[in-house]
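Now, the feature entries from Swiss-Prot:
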MOD_RES   3  phosphothreonine
BINDING   10-17, 23-24, 62, 89-92, 100, 116-117, 187-188  substrate binding site
ACT_SITE  11  active site, tele-phosphohistidine intermediate
MOD_RES   14  phosphoserine
ACT_SITE  89  active site, proton donor/acceptor
MOD_RES   118  phosphoserine
MOD_RES   132  phosphotyrosine
MOD_RES   133  phosphotyrosine
MOD_RES   135  phosphoserine
MOD_RES   152  phosphothreonine
SITE      186  site 'Transition state stabilizer'
């Protein structure tokens, strides 16, 4: 029997998603389409009459703006919001800023898929000569991180390793206390939570594509195990198209 409900949403399309570039920790804006996706997600939540008590997001504006759109569209702007770097997207290291299709043409689709989808193989690290090094590694929003916490690149395994402690220590107690939680974050940090909730294998989580801007609903029992598969809020066609679009990103044009 379900005793808790959790809602998660991957941010709407960003300008770099639109350009098919590896985004990671670069603070890209939502595209026009991404803004519309966030508003559509808000409408789906409003239509489902869902209310929340506390919200969590990353420190990247594409996720924050998605959350804002949902809170605005559901008239819940007053809710407390916790922002944390631990829910950031996976750090794509030296690939940050590169067009995925061009990278596939240069290195081969298989290598790009390994970098994007392998569980424990990180991309090349971002060094000090990288054009986005200063705007990420020297950014004051990360000034409070302890030595060794700021990544220069991450595998999916690394991303999950820094997201899950926040889930376990901060979010889980709120859910167990009966709070209705909304998380607006990124494809890979959310994958970490999904993998943990569903007990998925490393291989299975690599194949999971979370669509942008479409709310994901979990009904959980008191042990925080799903009582049924994840549900998407939205019409079937919207969900199917979104998941196909995500899967197609790493292919050479």
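Each position is counted from 1, following the chain as shown.
Yeah, the Cβs are placed from backbone N, Cα and C, and that goes for glycine too.
The CA atom of residue 186 (site 'Transition state stabilizer') is located 5 Å away from the CA atom of residue 10 (substrate binding site). Comparing Cα positions, residue 3 (phosphothreonine) lies closest to 89 out of the recorded positions 14, 89, 118, 133. Taking the C-alpha atom of residue 187 (substrate binding site) as reference, the shortest distance to any of the recorded positions 14, 89, 132, 133 belongs to 89. A separation of roughly 22 Å, to the nearest angstrom, links the Cα atoms of residue 118 (phosphoserine) and residue 13 (substrate binding site).
In terms of C-alpha distance, the listed recorded positions 24, 89, 132, 133, 135 place 89 closest to the residue listed as 'active site, tele-phosphohistidine intermediate'. Mapped onto three states, the DSSP output places residue 133 (phosphotyrosine) in helix. A Cα-Cα distance of 17 Å separates residue 132 (phosphotyrosine) from residue 100 (substrate binding site). Checking each of the recorded positions 13, 16, 24, 89 against residue 152 (phosphothreonine) by C-alpha distance, the shortest gap belongs to 24. Residue 3 (phosphothreonine) falls within neither a helix nor a strand when secondary structure is assigned with DSSP, and so counts as coil.
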